[in-house]
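This report concerns only the one structure given below.
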Amino acid sequence: MIKNKQAPIIVIGAGIAGLTAASELQKQGKSVVVLEARDRLGGRIFSQKIGHEVYDLGASWIHGIEANPIWSIVQQNQIQTTVFNYNESIYYQSNGQLLDSTGKLIFEQSLDDLLHQFKEIDQPERYRHALHALETWLNGQEFLDHINNQFHLDKNAVIKLQKMLLDFFNLLAEDPCASDLAHLSAEFWKNEGFYPGDEVIFPQGYVQVIDSLSKNITVLTNKVVECIDYSQDIIQVLTVDGEKFSASQVVITVPLGVLKKYHIQFLPDLSQQKKQAIQSLGFGTFNKLFVRFNECFWKSAEYEQINNVYIHNQHRWLNFLDMSEIYHQPTLLFLFGGASATWLENVSCDVVWQEIKQSLELIFDEIPQPIQLFKTEWGNDPFSEGSFSYQAVGHTSDQVGILKQPIQGKLFFAGEHLASFGAGTVHGAYESGLDVVKSM
Ligand SMILES: Cc1cc2nc3c(=O)[nH]c(=O)nc-3n(C[C@H](O)[C@H](O)[C@H](O)COP(=O)(O)OP(=O)(O)OC[C@H]3O[C@@H](n4cnc5c(N)ncnc54)[C@H](O)[C@@H]3O)c2cc1C
């Protein structure tokens, strides 16, 4: 219901959720203006040309192309993609030895069994914390019997497997949850929001999806919204530069991290219930480190096709992806989530490299000096304040429902954190952009 025909609908944020909402509203013949804080479009989709190549510093993957709406956009616009599945992996143990095929089978099967338990969890109150649930299962008789019946391991091998699994779950909490196991709800895996099918990436950048969506939409950049006054029929949107925009309705798609930090003031203030939902939903940090070399020192003839490597060193699994084919140069991508992502932001690339080198030295005799390193800092970014949402301990779908609830038919909310399927992903954000328009 448009309150005033003169004033447009204002969408705050030109990420995928905001642009999708704007595009849908425009299709309905509505007048729409998008206000974006940065000098670029795309938000957490951020493709940057460095040298001759385009690097995705935010989202890289379409998580499963079957029935994925992002894949439809890609096909309609004939955007080039490359299949990059990372389910074929190799694992190095802390003694530097590669897990052989039997060891790998035992490890991956036990991992699957545990993930299955997270999906099937039927007593969420008993197992509120993912860490608590995992420790209970790992040490429980049921798991030990299961391992013994299937794999006939001796006591020391079981202890080693338990440790490897516990540390690996910490890595799973980092990616795809941008958090640490101790902060995750035990139900985190129940609502996994990936589509089936191949995972694909964009050699020329994810931003091409944004370019397709934003055609013919009015986006004003460098407009940092700091206040939304919805006390009158006509809503006033104010920027830090003192500009004032009038709107009939406002769709707010800024990241949850920005809402948590109260960077935008609401007049009147948001309800206590909404503020509580904002603070209760999890929003974590996830960062990337790209390291370029002159030579592929990590390749062996046997594992020529493997692009996903894990190294267990002390209490941590280090994970890197071989991106050399995409970037036409030997390149490794290291992924960091939760506390390690925050650490990454607050130290120099040299310090990070020295730390990583210690793990690589367990495996490789000679590690050449990288020719270039660069990292992302999504947690330090005032227009993101983190990377994506996750299911924190105590998470309920009610909290998402409360935050999604429009206010007086004037204010509407969208963004990846409000997705009913695929929170924390591009497709989730896209679908929340479609959903919000249905509610207007
Ligand atoms: C490192 C990283 C890797 C990722 N990898 C993947 C992946 O491989 N696949 C996948 O599916 N997803 C991935 N994601 C998640 C995905 O990028 C996000 O879920 C999605 O892009 C979020 O879209 P959005 O529109 O909800 O938010 P955003 O893209 O963040 O858009 C919100 C917009 O609001 C703007 N804004 C903020 N504050 C203000 C203000 N005060 N005034 C005006 N504008 C403001 C921001 O600048 C931004 O443009 C990744 C994210 C990160 C950070």
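Just so you know, glycine gets a Cβ as well, placed from its N, Cα and C.
Annotation source TrEMBL lists domain 'Amine oxidase' at 16-437.
With a cut-off of 8 Å between CB atoms and residues at least 6 apart in sequence, the same chain places Gly13, Asn222, Lys223, Val224, Val225, Phe383 near Ala37 (FAD binding site), listed in sequence order. Ala37 (FAD binding site) falls within neither a helix nor a strand when secondary structure is assigned with DSSP, and so counts as coil. For Glu36, Ala37, Val225, the entry in TrEMBL reads FAD binding site.
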Non-site residues, in chain order, whose CB comes within 8 A of the mean position of the CB atoms of Glu36, Ala37, Val225 at FAD: Ile12, Gly13, Ala14, Leu35, Arg38, Thr221, Asn222, Lys223, Val224, Thr239, Val254, Phe383
Other CB atoms, at most 10 A from the CB of Val225 (FAD binding site): 24
Site extent for FAD, whole Å (max Cα pair distance, Glu36, Ala37, Val225): 8
Spatial neighbours of Glu36 (FAD binding site) that are distant in sequence (at least 6 apart) but have CB under 8 A: Gly13, Ala14, Gly18, Val219, Leu220, Thr221, Asn222, Lys223
